[in-house]
Amino acid sequence: MIRGLVDNSRYDHAILLYKQMLRLGIQPDNFTFPFIIKACSCLRHFEFGIRVHQDVVKFGYQSQVFISNSLITMYGKCDKYQLSRQVFDEMPEKNAVSWSAIIGACLQDDRCEEGFSLFRQMLSEGSRPSRGAILNAMACVRSHEEADDVYRVVVENGLDFDQSVQSAAAGMFARCGRVEVARKLFDGIMSKDLVTWATTIEAYVKADLPLEALGLLKQMMLQGIFPDAITLLGVIRACSTLASFQLAHIVHGIITTGFFYIQLLAVETALIDLYVKCGSLTYARKVFDGMQERNIITWSAMISGYGMHGWGREALNLFDQMKASVKPDHITFVSILSACSHSGLVAEGWECFNSMARDFGVTPRPEHHACMVDILGRAGKLDEACDFIERMPVRPNAAVWGALLGACRIHLNVDLAEMVARALFDLDPYNAGRYVILYNIYTLTGKRKEADSIRTLMKNRGVKKIAGYSVIEIKNKLYAFVAGDRSHPQTDLIYSELERLMDRIRQEGYRPDINFVLHDVDEETKESMLSLHSEKLAIVFGLLNLGPESVIRIRKNLRVCGDCHTATKFISKVTGREIVVRDAHRFHHFKNGACSCRDYW
């Protein structure tokens, strides 16, 4: 009876029946225990699992291999790896399932290195690996060498034609960056089911290969196989990495078709985050408003989106709505404090910060303190920011000092910047951005000697400045530009159009800010170098290749420089185009000669 209940996933009923059996004085046997342990495992019912384990010992079945195997699995699923290992180590004899179970428990507890070590131990002891042990070992693999070792075992045991093993192998090699090997294995699977496709897509996403993941999704759908929620979440993460607006539309379309009729909260929340990162608050809000239910992650994602786009008041309004039904957590407060920072809402930021412990019992963490320093610093309240740091109940970390250094750059406070930089160079010695900010401050204040000393310090410490680039999407294809880029087939056309465009905006009043060219060259050369910044090249490429009504969307990996910010405002004015730029810190929406940040950034 217990077996029948477990086989039909009625685990609670199985446990009730087991309790009733004991009350009636009926002793469980070696056929009872594996099924009742499985019920505990599936329910993650650790407390009752312990009681069943005690019964196993009480009735003398602790030496039964298949019962011990069930206990290993149960403890692993209950996140009690040490108990799994204890059962495994105390087993007088082990079979292939025992090894598979303990490797699976390692995987469950994120002990991949230990799991793979156990796999090697199993082989060295002459135990023939089961299919399950090999699959678990594949999931533990983290290096090329380990991947090769496991696949050698696959071939030796004749499992290289097993579809699930091949699918897992493809995912394993993709995760290790061996894309060509992974694709060859994947293409060799004759009959691919949803699990096969989903496994490989997820592996591509985890290996930071979003374009390959999206390519597989398209192929999968062309063959009439439609994704499940887990696959869609992986694909959405890939689109978020690319910040691809067109691809976001495609994924959204898949979700809203009849082929994916279950509107899962996690998928819809991920869609909101995706649209935010693609620069479209309009679509993000449409998804948000259309949701039948929302959780704290949903609210936080939408609030964060408003903040990143400089819509601080809207973020605060949404925060007030949220508080009526959901209690904010520490993530929500990071979102709302960041929104206040980007919009210069100092008083509102203070109120949100003070309300954390007072109204909601949320103790401020270092990241919340960093947000407050950013709020005060951007507003020019540097003394108040310093006092706030001194009164922090915990030692300020790199994020806190980094926020203050950023404020020093905005307000060109050299003395404070030097003090803050010293703290940062100790806490975060290999973060190139910290050095670059101080270098810029020195340069903008005419301190060339001090600026050169920062360059020397970076060189001596082996710290390299991150190269800037800008990305634009045209017809579902991404194009990247670096400063002075001449690698594109349309280079001649881009440069001639750029020259005409720069002449047009000069006539409207644009004047190049040569402070943003940090080289010992003459002013004419500096102006020329400014015009070749990556975001300007990407914008011109967009003007040449997108329709007149299309929004030009640019993604920059670094903070947009002041000159490019000014130039883009003028470009939006003379071309009548809306330009959205996502840099390392926030979004800038340029339209009719103005930016959504109102030059507060």
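Positions of Cβ are set from backbone N, Cα and C atoms, glycine also.
Annotated features, as they stand in TrEMBL:
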REPEAT    1-28  repeat 'PPR'
REPEAT    95-129  repeat 'PPR'
REPEAT    193-227  repeat 'PPR'
REPEAT    295-325  repeat 'PPR'
REPEAT    329-364  repeat 'PPR'
DOMAIN    509-601  domain 'DYW'
Tertiary contacts of the repeat 'PPR' (295-325) (same chain, 6+ residues out, Cβ under 8 Å): 265, 268-269, 272-273, 275-276, 279, 281, 284-285, 288, 331-332, 334-336, 338-345, 348, 352, 586-589, 596-598, 600-601
Same-chain residues at least 6 beyond the ends of the repeat 'PPR' (193-227) whose Cβ lies under 8 Å from its Cβ atoms: 163-164, 167-168, 170-172, 174-177, 179, 182, 186, 234-235, 237-239, 241-242, 247, 254, 259-260, 478
Non-local residues, at least 6 beyond the ends, that sit with Cβ under 8 Å of the repeat 'PPR' (1-28): 35-36, 38-40, 42-43, 45, 48, 52, 55, 59
Secondary structure content, the repeat 'PPR' (1-28) (per DSSP, counts of residues): 19 helix, 0 strand, 9 coil
Helix, strand and coil counts within the repeat 'PPR' (193-227) (DSSP): 26 helix, 0 strand, 9 coil
Residues of the repeat 'PPR' (95-129) by DSSP state, where helix covers H, G and I: 26 helix, 0 strand, 9 coil
